[in-house]
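Q: One structure follows; several queries about it will come next.
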Amino acid sequence: MLVVSELSKSYPTAGEPLSVLRGVNLELSPGQSAAIVGPSGSGKTTLLQILGTLDEPDSGSVQINGQDPFALDARERAAYRNQTIGFIFQDHHLLPQLSVTENVLIPALANGKPTSDDVSRAAELIDAVGLSHRATHLPRELSGGERERVAIARALLMQPSVVLADEPTGNLDSKTAKTITELLLRLQAEQNTVLVTVTHSLSLADEMNERFELVDGALVRRGRFGITA
């Protein structure tokens with residue numbers, strides 16, 4: 001369960017502070033997905049960073065399964081983040097010198113050497129995203145869609161309660177984007193996680209259970225956008 005209450009964030013400027021988020025509220029149960037759309041500079045990435053505990057709000061709260069991660073010290077919060085939150089970035093953030101399997105196992109390294117269970121789960125996820133035949137390949141040997149599949153598998157390795165995706169199909173052609181969207185939603189549903197996606201793609205947004213637009217720093221619920229391509 002992800003519960004966001006009255007979240008606000010501003011940044012200092014030469015003049016008045018720049019208010020980016022104003023009283024944001026959001027509640028998602030396990031298995032639910034939400035898209036957040038809005039123009040560049042509207043605060044989408046800031047919101048995602050706060051949900052991922054990579055930035056702190058000025059006021060308001062974030063709770064994941066009843067736990068406030070901002071009540072933890074920096075070390076505890078980092079450990080909590082690694083166990084509870086999965087990230088999918090637009091540019092993948094795959095380490096070029098590591099194989100597909102090694103990249104998927106990166107979250108397990110925070111606990112030391114990956115366990116046999118970690119390795120088994122990585123293999124299962126790599127198979128689930130259709131890359132068993134690429135398990136030993138390096139990122140440079142993969143297509144954009146294949147790299148996105150690796151990122152999805154890595155995000156799910158630790159069985160997180162929440163997955164945060166920043167433009168997961170932003171660099172893909174429409175056909176590949178559709179395939180990746182279907183894969184992501186299938187695995188998210190199977191694992192019963194919360195999925196929050198920041199996107200400019202209205203067709204991707206339409207695939208989510210909930211759709212929100214950031215307007216003047218506040219989240220406004222929207223219906224389907226009706227975009228099919």
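Sequential numbering from 1, following the chain as shown.
Each residue, glycine too, has its Cβ placed from N, Cα and C.
For GLY38, PRO39, SER40, GLY41, SER42, GLY43, LYS44, THR45, the entry in Swiss-Prot reads ATP binding site. Per Swiss-Prot, the feature domain 'ABC transporter' maps to 2-229; the stated evidence is sequence analysis.
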Q: Output, ordered by sequence, the same-chain residues six or more apart from LYS44 (ATP binding site) with a CB under 8 Å from its CB, or 'none'.
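A: Result: ILE36, VAL37, GLY38, VAL198, LEU214.
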Q: I'd like to know which of the binding-site residues GLY38, PRO39, GLY43 has the most other Cβ atoms within 10 Å of its Cβ.
A: GLY43
Q: Neighbour count, 10 Å Cβ-Cβ cut-off, for THR45 (ATP binding site): what number do you get?
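A: So the Cβ neighbour count for THR45 (ATP binding site) comes to 17.
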Q: Can you give me the residues near the recorded ATP site, meaning same chain, not GLY38, PRO39, SER40, GLY41, SER42, GLY43, LYS44, THR45 themselves, Cβ no more than 8 Å from the center of the site's Cβ atoms?
A: LEU214
Q: Out of SER40, SER42, give me whichever of these binding-site residues has the highest number of other Cβ atoms within 10 Å.
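A: Highest number of other Cβ atoms within 10 Å: SER42.
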Q: Can you tell me whether DSSP puts GLY41 (ATP binding site) in helix, strand or coil?
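A: The three-state answer is coil.
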Q: Count the other Cβ atoms sitting within 10 Å of the Cβ of GLY41 (ATP binding site), across every protein chain shown.
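A: Its Cβ has 11 other Cβ atoms within 10 Å.
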